[in-house]
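Asker: Supplied in structure tokens, the structure appears directly below.
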Amino acid sequence: MTKLILLTGLVLILNLQLGSAYQLTCYFTNWAQYRPGLGRFMPDNIDPCLCTHLIYAFAGRQNNEITTIEWNDVTLYQAFNGLKNKNSQLKTLLAIGGWNFGTAPFTAMVSTPENRQTFITSVIKFLRQYEFDGLDFDWEYPGSRGSPPQDKHLFTVLVQEMREAFEQEAKQINKPRLMVTAAVAAGISNIQSGYEIPQLSQYLDYIHVMTYDLHGSWEGYTGENSPLYKYPTDTGSNAYLNVDYVMNYWKDNGAPAEKLIVGFPTYGHNFILSNPSNTGIGAPTSGAGPAGPYAKESGIWAYYEICTFLKNGATQGWDAPQEVPYAYQGNVWVGYDNIKSFDIKAQWLKHNKFGGAMVWAIDLDDFTGTFCNQGKFPLISTLKKALGLQSASCTAPAQPIEPITAAPSGSGNGSGSSSSGGSSGGSGFCAVRANGLYPVANNRNAFWHCVNGVTYQQNCQAGLVFDTSCDCCNWA
């Protein structure tokens with residue numbers, strides 16, 4: 001459908017859009033600040049024009065209320081959400097949970113209606129206070145790892161209650177509704193024991209499928225972190241450990257394709273080979289490979305650490321059946337993703353009409369561009385280009401010519417009016433509204449633009465009307 005899309009305050013360009021845009025969701029981890037040297041990553045290192053959604057990992061829980069974890073989370077929140085001042089289309093979410101968080105805090109919280117209500121109330125207050133646009137659940141996993149079977153249903157109940165509370169709160173304060181998303185399992189047994197897929201999908205805005213960590217040193221043989229397809233020798237449950245099978249399992253069991261977001265890892269799993277001369281897929285291993293100098297995690301290398309491994313003479317191979325690379329040197333073997341595999345997966349994603357890509361994590365890509373000689377954020381940039389987001393607008397909130405605010409003293413009139421015309425409005429319209437665009441009553445050609453509580457009125461070009469379904473100027 002041809003639309004005229006608003007880019008900045010009064011600037012409109014003709015943009016041909018075919019269907020809805022893909023999501024490119026990137027996780028930021030609040031422990032990346034502790035990596036040494038060039039590995040240290042802060043919110044200021046994020047390119048605000050790279051991803052459509054950013055998720056801050058992680059928040060914690062205390063007394064059934066959401067809390068900070070790191071000593072400087074509040075400061076980091078400010079910088080993280082401040083990125084929206086450079087990209088008016090960017091959405092930010094806060095994730096709660098994670099692998100190390102475990103299941104017990106979630107189990108306790110969902111166990112009673114009172115506990116759930118306490119949590120939901122705290123989440124709304126917390127997200128509004130720190131200017132996030134939504135919450136991402138990272139419960140690993142309902143019904144597994146010590147979580148009782150009833151948590152499968154109670155997770156649905158929690159998400160439903162939270163979605164309904166978000167809708168009610170948005171109406172009460174006349175702000176855009178907070179989003180609710182979830183990072184979900186890729187292991188079939190964890191999916192079956194953890195999620196009521198059709199019901200859960202009804203209430204979640206997006207479902208971030210963690211299609212990585214599919215193989216690792218815990219298995220005792222080499223394997224790819226995030227293979228697109230199964231390996232020819234994969235049998236039994238091993239045949240399920242690939243992106244294609246997992247994503248289609250979610251879709252075939254009741255999740256709408258457009259809500260399913262495919263997980264992309266910017267890291268690899270490394271191994272110690274039992275026999276350095278046996279370097280193929282499925283070769284015996286004796287444990288996790290060495291920690292890298294920056295991520296400092298045994299068995300895992302950031303993409304930029306893998307680039308150093310390759311530069312130092314490692315042999316690179318291509319796992320053709322699974323469409324992903326691997327590399328080895330001496331007794332160390334690593335399975336990972338690169339630009340080629342990211343592009344192949346992105347084309348597959350589009351062919352299957354999934355909703356977009358999710359990246360774990362933005363701080364593990366070569367964000368400085370100094371390790372891989374492929375520019376900054378080479379992997380995520382590959383996704384951005386492949387998903388057609390390369391030309392998407394990235395502009396700061398508009399600075400209109402004349403804001404609708406109280407006139408300076410001595411000007412002789414009560415309140416200004418926009419030089420772009422439109423129906424009259426007062427300075428109080430945006431005082432209780434989130435940043436964004438809003439329709440003007442009785443004037444379809446005009447719209448309000450709220451920026452940090454200040455009200456601006458702007459008009460669409462002649463013949464166009466403001467369309468709330470896309471926050472754009474559209475044909476009447």
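Every residue, even glycine, has its Cβ placed from backbone N, Cα and C.
Pulled the feature table from Swiss-Prot, pasting it below:
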SIGNAL    1-21  signal peptide
DOMAIN    22-390  domain 'GH18'
DISULFID  Cys26-Cys51  disulfide bond
DISULFID  Cys49-Cys394  disulfide bond
ACT_SITE  Glu140  active site, proton donor
DISULFID  Cys307-Cys372  disulfide bond
DOMAIN    427-476  domain 'Chitin-binding type-2'
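Set these features in their place in the structure for me.
Answerer: On the 0 to 100 pLDDT scale, the domain 'GH18' (22-390) averages 99 in this prediction.
Following the DSSP three-state reduction, the secondary structure of Cys51 (disulfide bond) is coil.
Taking Cβ-Cβ distances under 8 Å and a sequence gap of 6 or more within the same chain, the neighbours of Glu140 (active site, proton donor) are Gly97, Gly98, Trp99, Phe101, Thr103, Ala183, Ala185.
A helical conformation is recorded for Cys307 (disulfide bond) in the three-state DSSP classification.
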Asker: Which one of these disulfide-bonded residues, Cys26, Cys307, has the sparsest Cβ neighbourhood, judged by other Cβ atoms within 10 angstroms?
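Answerer: Least crowded of the disulfide-bonded residues Cys26, Cys307, by Cβ count within 10 Å, is Cys307.
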Asker: How big is the gap, in Å, between the Cα of Cys49 (disulfide bond) and that of Cys26 (disulfide bond), rounded to a whole number?
Answerer: 12
Asker: From the Cα of Cys51 (disulfide bond) across to the Cα of Cys307 (disulfide bond), what is the distance in angstrom?
Answerer: 23
Asker: If you count Cβ atoms within 10 Å of the Cβ of Cys372 (disulfide bond), leaving out that atom itself, what do you get?
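Answerer: Around the Cβ of Cys372 (disulfide bond), 21 other Cβ atoms lie within 10 Å.
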